[in-house]
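Positions annotated as compositional bias 'Basic and acidic residues' by TrEMBL: A:111-122. The domain 'Cyclic nucleotide-binding' annotation in TrEMBL covers A:9-81. The region 'Disordered' feature in TrEMBL is assigned to A:99-122.
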2 protein chains.
Amino acid sequence: MEKVTLADAFASIDERWDPRLAGELNGQAVKLAKAEGEFVWHSHADADELFLVTEGRLRIEFRDRDDAVLEEGELLVVPRGTEHRPVAEPEANILLFEPAGTRNTGDVENELTREDLEQVDD
Amino acid sequence: MEKVTLADAFASIDERWDPRLAGELNGQAVKLAKAEGEFVWHSHADADELFLVTEGRLRIEFRDRDDAVLEEGELLVVPRGTEHRPVAEPEANILLFEPAGTRNTGDVENELTREDLEQVDD
């Protein structure tokens, strides 16, 4: 049982769009990612996904509705099955909460796909 | 699908230790609470509980180990079955992640117990 200091944890991450595990509870994972620019369009068939911006700005695009723009201290839950594309403008630090094992690129597998996430340094 | 601005949401809460629902996903709840002073010793038999401090300082006391002191931007997961007592020093804004329906006072029922939480204003 160790606390995580978000500023230190984000400072330890070099890569963009490379989520790290900050904790697991009740079958869910808390992940931290540094974001820059456009991610890939994707959806998660079985996972609702929470985004909380702790620094910067993240726009989340949807196919059938207006974008959501999250500033520092704002959160949004994207329901399962909802196609979305995160775009950091220009950069953002993001905390995600979702079922453990949820793949970052959902139904898409490409060069941005990350599995078997490392634990974050804190 | 509406974003929650934490600052606005906390500003809408008058009571201390009176958690509000900020979202639900995957059977889990995101709750926001304003904390002041001592809460009650309790545990949750079936629920790991995440505390994230967004303002102020929260000390979490345990029976058999040192206190955890969480400042703004720090999080801790308290495993299920772990007796704990949150103490805000002197005040804190707290975001909690835990299974939907988890009772704030766990195995204890007293004047601080809250059930059927209201949705937060945001």
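Yeah, the Cβs are placed from backbone N, Cα and C, and that goes for glycine too.
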Same-chain residues at least 6 beyond the ends of the region 'Disordered' (A:99-122) whose Cβ lies under 8 Å from its Cβ atoms: 2-5, 8-9, 12-13, 17-22, 24, 27-29, 31-33, 39-47, 49
Summary of DSSP states over the region 'Disordered' (A:99-122), given as helix, strand and coil counts: 0 helix, 2 strand, 22 coil
Structural state census, the domain 'Cyclic nucleotide-binding' (A:9-81) (DSSP three-state): 3 helix, 41 strand, 29 coil
For the domain 'Cyclic nucleotide-binding' (A:9-81), mean pLDDT (0 to 100): 97
